[in-house]
């Protein structure tokens with residue numbers, strides 16, 4: 001049981017233990033011209049792709065789903081590119097650098113939600129939906145209320161994730177490039193808007209694919225050079241790391257991340273079910289032609305991400321040997337220059353020199369751009385498709401819907417820049433944890449039960465979904481992270497850092513209770529419609545494929 005709890009505790013988002021690069025003050029580094037030049041090459045190339053994509057975006061289908069013409073392999077790379085953030089790359093490597101073996105369990109925790117997506121969600125989501133997961137949730141339920149709830153859940157998750165990414169972008173670029181924080185935030189915001197505004201999902205997908213390839217190449221090269229240093233022997237790798245690490249043999253012992261069983265379960269559930277409720281990830285399943293390609297997308301994405309997180313483990317131990325024991329990378333006080341999250345960046349310099357250091361720094365920036373572009377498109381589609389076209393102005397033309405979507409992109413971009421500047425010196429690490437908790441407590445229960453439970457009604461979905469969302473937010477505010485560390489109170493009202501265990505339970509219980517007690521004629525009609533939905537979800541009958549889907 002203790003091993004299980006250890007593993008579950010390790011599945012929390014990077015924000016809890018690996019967020020020093022995205023929270024508080026950072027030590028600005030000298031201007032890195034190699035990194036800036038390489039990043040400019042990446043920007044010019046991706047803007048060229050955006051121009052190419054803009055010539056092919058002629059309809060709503062093209063803008064939201066790239067015309068449904070992305071292959072399973074391409075989509076798998078894009079999903080991996082959307083999910084593998086710069087903070088997970090630097091943060092997990094830093095956790096292995098400081099804690100050893102626990103970092104491996106931690107990195108594997110990022111994958112626990114993907115079997116759920118593969119076996120329970122991907123195919124049915126593609127067969128039932130068109131542009132957003134709200135299409136699936138509202139398939140047999142009342143369009144208006146369900147779309148409002150789904151859009152609110154999406155927008156809250158997107159907003160929290162976007163703030164964390166923008167602040168993280170500013171901090172990381174200040175660390176890696178030596179650029180001013182405000183310049184970095186504005187640069188990320190402007191590029192993000194350009195990708196999404198002109199290229200839509202097609203440009204966003206290819207930016208994410210390129211970023212994934214660059215990140216996988218860079219991490220593979222670093223891991224190869226580390227293993228070459230130890231004669232391609234894991235025994236030598238671990239022995240040398242234990243010999244130079246201050247904790248010695250203790251870095252090979254698990255369990256250092258466990259606080260208590262409730263926190264472990266709550267964190268584990270939050271990441272596992274939260275992944276299956278992230279709107280910018282779910283949107284990718286509508287970019288492929290059919291359910292078979294959607295399933296292949298998850299298969300490839302899981303493979304790429306699993307490989308990547310194994311590499312971060314090798315990189316972390318390599319940093320212990322080649323960076324931790326090298327005084328060149330320490331300041332006068334004996335601490336790592338720039339903080340522990342710079343371990344992977346310093347290792348890039350140690351194994352590949354200044355040129356490769358510039359490459360890894362540019363890849364870290366590209367990683368942020370790929371993630372924020374996906375978030376922005378998900379937020380814009382929630383407003384334009386779910387709210388505008390299906391609630392506030394039913395029957396809106398494609399042109400009107402696309403105009404609203406692009407206006408939303410501009411508004412989201414400006415808001416993201418402003419909030420990124422305002423939160424510069426705030427501890428925003430909790431925001432990613434809260435985003436996962438809300439995705440797990442509001443989005444995931446509604447998606448899952450709308451596809452699998454025949455007795456679900458609009459009444460149950462609405463009351464249970466809102467209860468889950470509100471519970472997650474309230475418990476997070478009353479918990480130690482916000483109530484004590486940010487608001488300055490002496491003791492937290494809610495004793496646990498992450499609320500997912502409780503808010504998910506409230507959501508599922510609420511959905512079951514209010515659906516089971518719904519005796520209305522509308523509820524009976526919605527239950528009867530489940531059979532037709534089930535047939536389509538299993539067979540794909542009635543789903544248009546390719547460009548016209």
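Cβ from N, Cα, C; glycine included.
Note that the structure is predicted; figures quoted are calculated from it, not measured.
Under the heading topological domain 'Periplasmic', Swiss-Prot lists 1-32 (among others), citing sequence analysis as support. Per-residue pLDDT, averaged across the topological domain 'Periplasmic' (1-32), gives 45.
Secondary structure of the topological domain 'Cytoplasmic' (56-75), assigned with DSSP and counted as helix (H, G, I), strand (E, B) and coil, comes to 13 helix, 0 strand, 7 coil. Taken from Swiss-Prot, the feature topological domain 'Cytoplasmic' applies to 56-75 (among others), supported by sequence analysis.
Sequence-remote contacts of a segment are chain residues at least 6 beyond its ends whose Cβ falls under 8 Å from one of its Cβ atoms, and for the transmembrane segment (76-98) they are 14-15, 17-22, 70, 104, 106-107, 110, 165, 168-169, 172, 205-213, 215, 219, 275, 280-281, 284, 287, 296-301, 303-305, 308-309, 312-313, 315-317, 319-320, 323-324, 340-345, 347, 364-365, 367-368, 370-371, 374. What Swiss-Prot records for 76-98 (among others) is transmembrane segment.
What Swiss-Prot lists as topological domain 'Periplasmic' is 99-102 (among others).
If you look up Swiss-Prot, you'll see 103-125 (among others) marked as transmembrane segment, on the strength of sequence analysis. Only residues 6 or more beyond the boundaries of the transmembrane segment (103-125), in the same chain, are considered here, and those with a CB under 8 A from a CB of the stretch are 6-8, 10-12, 17, 83, 88, 92-93, 95-97, 133, 136, 254, 257, 268, 271-276, 281-282, 285-286, 291-292, 294-295, 297-299, 301-302, 305-306, 309-310, 312-313, 316, 447-448, 451-452, 537-538.
Tertiary proximity for the topological domain 'Cytoplasmic' (126-145) is limited to same-chain residues at least six positions away from its ends with a CB under 8 Å from its CB atoms, namely 60, 64-65, 151, 154, 279, 282-283, 285-286, 288, 290-291, 293-294, 378, 381-382, 385-386, 390-391, 443, 446-447, 450-451, 456-458, 461-462, 522, 526, 529-530, 532-533, 536-540, 543, 549. Residues or ranges marked as topological domain 'Cytoplasmic' in Swiss-Prot (evidence: sequence analysis): 126-145 (among others).
The transmembrane segment annotation in Swiss-Prot covers 146-168 (among others), and the record cites sequence analysis as its basis.
Under the heading transmembrane segment, Swiss-Prot lists 183-205 (among others).
Per Swiss-Prot, topological domain 'Cytoplasmic' is recorded for 206-211 (among others). The list of residues near the topological domain 'Cytoplasmic' (206-211) in space but at least 6 beyond its ends in sequence, with Cβ under 8 angstroms from a Cβ of it, reads 42, 45-46, 49-50, 53, 74, 77-79, 81-82, 195, 199, 363, 366-367, 369-370, 373-374.
Swiss-Prot lists 212-234 (among others) with the feature transmembrane segment.
Residues annotated as topological domain 'Periplasmic' in Swiss-Prot, with sequence analysis given as evidence: 235-263 (among others).
Among the features that Swiss-Prot reports, transmembrane segment is placed at 264-286 (among others).
Swiss-Prot lists 287-297 (among others) with the feature topological domain 'Cytoplasmic'. Residues 65-66, 68-73, 75-76, 78-79, 118, 122-127, 201, 205, 540, 543, 545-546, 549 of the same chain, all 6+ positions outside the topological domain 'Cytoplasmic' (287-297), place their C-beta atoms under 8 angstroms from a C-beta of that stretch.
What Swiss-Prot records for 298-320 (among others) is transmembrane segment.
Positions annotated as topological domain 'Periplasmic' by Swiss-Prot: 321-358 (among others).
Feature annotation from Swiss-Prot assigns transmembrane segment to 359-381 (among others).
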Original post:
Sequence gap of 6 or more, Cβ distance under 8 Å, 3 or more pairs: do the transmembrane segment (402-424) and the transmembrane segment (359-381) meet that?
Top reply: yes
Original post:
Which residues, given as numbers and ranges, are at least 6 beyond the ends of the topological domain 'Periplasmic' (485-493) yet have a Cβ under 8 Å from it?
Top reply: 426-427, 430, 478-479
Original post:
Near the transmembrane segment (146-168), which residues from the same chain, at least 6 beyond its ends, have a CB less than 8 A from one of its CBs?
Top reply: 15, 21-23, 85-87, 132-134, 137-138, 185, 188-189, 277-280, 368, 371-372, 375-376, 378-379, 382-383, 386-387, 390-391, 412, 416-417, 419-420, 423-424, 426, 428-429, 431-432, 434-435, 438-439, 442-443, 446, 458, 461-462, 465-466, 469, 473
